[in-house]
Structures are given as structure tokens and as C-alpha cells.
Amino acid sequence: MNPSHPAVHPVEAPPTDVHHAPRVRMKDYQGMPGTLGGLALRLGQFCFAVVAFSIMLSTDDFSTVTAFCYLVAATVLQCLWSLALAVIDGYALLVKRSLRNSLVVSLFVVGDGVTATLTFAAACASAGITVLIGNDLRECDQNHCGKYETATAMAFLSWFMVSPSFLLTFWLLASR
């Protein structure tokens, strides 16, 4: 046997078909960042927060109550956060990239947790004031109780859309 010629020759692997490769991995559950479900949740968060913000701004006396000012501030933050992440999710879907970077996922978890907490607290505070004005003081004829209730309900729905995003992203981070 000649030592300069190996007895085993390399075998060329068959080329992979890149056009039919699976786009979503098994661990990509809908609702996680970079999925169509995640984009839908982000757009839902954004829409509900915009509606709550718009309804609250349509009243002329929301600024006299601290809880309503807090609701406006929380929904503005929720709008900005949800829109930014919806753009990132949409881009990830367009270029078929996975958002699995630990730093990115950590940022998403912290941001979702903060905005979810702020939105929920603002909705609860606004609900308390709305009940106080409507049921206890019985001054709905002098105030915009219907608008306050609708804005509060939209804030709760926005929080309801943030919660799955937060839980799924937290699960993604914790499962690393």
C-alpha cells in the first residue's frame, strides 16, 4: 500500500434542496417573535392601544384625573412598543429569519413585561375611577362615562394581547 494515497476517498454529499427547506422550526410556536401569530398579536396590541388612546383623547376633561392621564401615557408607550416589534416581526417574516438571539429575546421579554404591567395597572386604575364616577358619585350625566368605560375596556384588551406575547417570549428565553 502506498502511504501517499489514502485508502478512503471522500464522498460528495448530495446537494440540499434549499427551495423546499422547512421555514419554521419545530419549536417556533405561533405567537413567538418572528412568527405570523406573533405579528398578529403585536398588531392587535397596537390597534387596541390606539383605540383606547383615541377615545380618551376625544374627551375634553381626561387630564383632570390622574388615572386617565396614566392610561393615556401607558397606551402611548404600548403603541410605540407594539408597532416597533410588529415591524421587526414583519421584517423577520419577509426575510425568513428567526428571532432567537438571546439578547433580542431578553429585550423582548423585558419590554413586554414592562408594557404589560403598565397597561394593566393603568386599565385597573381607570376602571376604578370609572366605577367611582358612575356608581358611587352618580355623575355620569356630567362626565363621559361611556367613553371612559370603552377606553378602559380597550386598554384591558390590549393587555390581554400583550400577555401571550410576554409568556411565550419568556418561555423561549427560559428554555435556552
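Quick reminder: no glycine exception, Cβ is built from N, Cα and C everywhere.
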Swiss-Prot annotation: Q30 and G90 on one membrane face: yes
For the transmembrane segment (153-173): best-contacting stretch of 36-56, 68-88, 103-123, by Cβ pairs under 8 Å: 103-123
Positions whose Cβ lies under 8 angstroms from the topological domain 'Extracellular' (57-67), at least six residues beyond its ends: 122, 125-126, 128-129, 143-144, 147-148
For the topological domain 'Extracellular' (57-67), mean pLDDT (0 to 100): 93
